[in-house]
C-alpha cells in the first residue's frame, strides 16, 4: 500500500487514536507499525481477535495489563552478564506478576464458557516463572530497595550499621547539648556531608574544634565539621557501608544469573503481552467509536451500512450507506463543490484501509468490506474554481501512475477528476480515464462537479451516478449520499431564497436549453422519489427491529419459565428424597429396637408390636406433590395380592399385600408398608406364588434388618463365610434388591471363597466385582432374587 495514499486518506490519524488506547509502550510500538494487509485469512483472524477482546471488555471491563513494561534492555544486559539494578528487578517482578494475572484471567474466562479461542491461544503461550518471581520478591521490595532478609550476611551488616549510626548520633547530640558548645554552633542539629556525620560550627570558633571540615555554607559563616572524637566511629560506619554495598552487589549478581537462565521465556512473555495489548487497544478503540466487525470478502464487493468518517466529531458526522462492486463497479458522484463529496470518498477509502488493518469499522452490523491488493487515491484541495497548470500537472502525474498499476484487485478513488483545466477538456479527460479504469474491472469511486458527467452513468454498463443531498430550506448540504441520483447545482433555488429578483431568475432559466431544464426536473423528481423510498424503508426496518426485539423477549421469557419450572421440579424431587431418607432412617431405628428386644430375650407384647407397626407406617412421609403423578399405561384391571406394581406417585416398585376396602391397597415397598389408592398403581407382573408367611417373618421371626454393606475385612475365613450366609438371608427378608460385600484384596483367598459361595446360593441372582468408584476387586456387588 502506497504511503502517499495512507497519508491522503489520513490513516495515520486513525492510528494515533488507536495508540491512545494502548496500555503500554510495547503496545504503542506495535500499533505504530499497523498497516493494511492483503491476506484475507490474516485480516479475518485479526478481526476475530478484536471481536473476542471486545467481548471480554463487555463482560469484564478490562484485561489486567498492570506491570507490563519494556524490560528488553535489562534482559539483553543480563544475557551478557551485566549486573542488573534493583529497580530493573522490580520491573521484571512486575512483568512476571502481569503474566500470571493475564494467564489466569483469560483461562478463567475460557473455563467459564466465554468463546475466546484466539485470545485463549495467545494466553496459553504465556510462561509463568513462579520460582524466579519468588526469588526476586524475597530480595527486593516494590520500591526497588534490597531487603534486609535478602541474605543473613546483609541482615547482620545492616544491624551493625544501625548500631553504629545510633552511637555516632548519640555522641554528636551530646556535644550539641553541651552548654559550652551552644554559642559556637550555628544550629543544634546533626547533619551529613560527604557521607559522614558532622555538626554546624560558626566560622569564628573553628580553632576551638578539632576535626575535619567537610563543607562550608554558601555564606561562609558556617563550617560543617567532623569532630576528632567521632572520626574513628565514622570510619567504622563507612567500612560497614562498603561491606553492605559488596553484599548487595553479590545478591544482585546471583539474581541476574538466575534471570539470565529465563531470558528466552521472558522475551516470549513480553511478545505475547505486547500482542494482547495491541489487540485490546483495537478493541477499546472500536468501543469508543462504536465500530463493528465487517464481513470480509475477496470479490471486490463493498456494502457499508450507516458508515461514518472516524475523524469527524460524532455529533456532526452523517452516516451513509455505500454499496459498490456487485451491480456496478464504478460510482460517479456529481454535484457542486462544498457538498460533502470528498468526505464520502474518504470514508470509503479510510474504512477499507481500517478493515484491511484488522480494525473494526464505524458502520452498522452486517457491513461488508473487500480485500484489495492496491488502494489508489488522487485527492487534493480542489475546492477553488481557479486551478493552476502546475496543480493540474501534479494530479495528472499521479493519475498516470495509477493507470500503470491498476488491476481488477484495486480500489481507485478520484477526487474532482479532471479539475484544473478547461471544463470541456477536463470533463472529456475524466470520462476517458474512467472508461480506461473501468475496463480493468477495478472498483472506482470518483467525484466531479462537471455537469457533463451526469449522463455518464446512464450510458455505461456497470457505472452508477450518485450525488450528495442538498437542503433547499437551509441552503446547506445534508451530506446524505444518494446513489442512483446525479447531482445538480441548485443555483436557481439558492439564488431565489437569497433574494435574487424573480425576473432575473426567469431570464436565466430561459437562457438554459430545454434539454438541460428537463434533466434538472428529472433529477429533482428522482431525489424526491428516493427520499420517500428511504423513509418507507426506514419505517419498515424500524418495525422489523421491533418485531425481532419482541420475539427475543418472548423467547427469553419462555427460557426463564422453563428454567423456573425445572428448578421447582428439582427442589420438589430433592425434598421428596430427603423425606424418604428420613423415613428409611426412622424405620431402621424401629427395627433396631425390635432386634434389641429379641436379643435381650424379651417377649413381644401386643402394645409394643402395635406401637412399632404404627411408627413404621407413620415413618413414610406424606409427600406434597410438586408435579402430577404418572398416569397408568395399562387399562384398568383386577389386582390381587402378590402382584408387582409401580406406585406412580413415588415412581417406586412394590408388592400388593391386601386390599383394605374401597379402592385402596396395602403395598410393600422395600421395608416400608403403606396404603395406596388403586388409581395410583400400575400393574407390572403377577405374583409367582403367594407367600403368606413373609410379612409375619419379617416382623416376628427372622432378624432381617441389615446394612446395605457387609464388611468382612479382618475376619477369619470360616467365620466370614458363615456371616455371608446369614447376611444374604437377612437381606432377602429385608427386601433389598442389591447389596455389597467388602472382602478386601489381600491374598485373594477370602474373595474366592465368597465368590464360590455366591455361585451356589439360592437367593443370589448374579454377582460382580465393584466398579472403580465402588471399591474395585475388593468389593463384590450381589444382585438378589
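Backbone N, Cα and C atoms are what each Cβ position is placed from, and that goes for glycine too.
Residues or ranges marked as ATP binding site in Swiss-Prot (evidence: sequence analysis): 335, 336, 337, 338, 339, 340, 341, 342. Annotated coiled coil per Swiss-Prot: 513-586, in sequence order. Residues annotated as domain 'Smr' in Swiss-Prot: 710-785. Summarising the annotation, Swiss-Prot assigns region 'KOW region' to 641-681.
Non-local contacts of residue 342 (ATP binding site) by the CB criterion (under 8 A, 6+ apart in sequence, same chain) comprise 379, 415, 416, 447. DSSP states for the region 'KOW region' (641-681), grouped as helix (H, G, I), strand (E, B) and coil, give 3 helix, 27 strand, 11 coil.
The Cβ neighbour count for residue 335 (ATP binding site), using a 10 Å radius over every protein chain in view, is 27.
Sorting each residue of the domain 'Smr' (710-785) by its DSSP state yields 36 helix, 19 strand, 21 coil. Regional average pLDDT for the coiled coil (513-586) in the model is 73.
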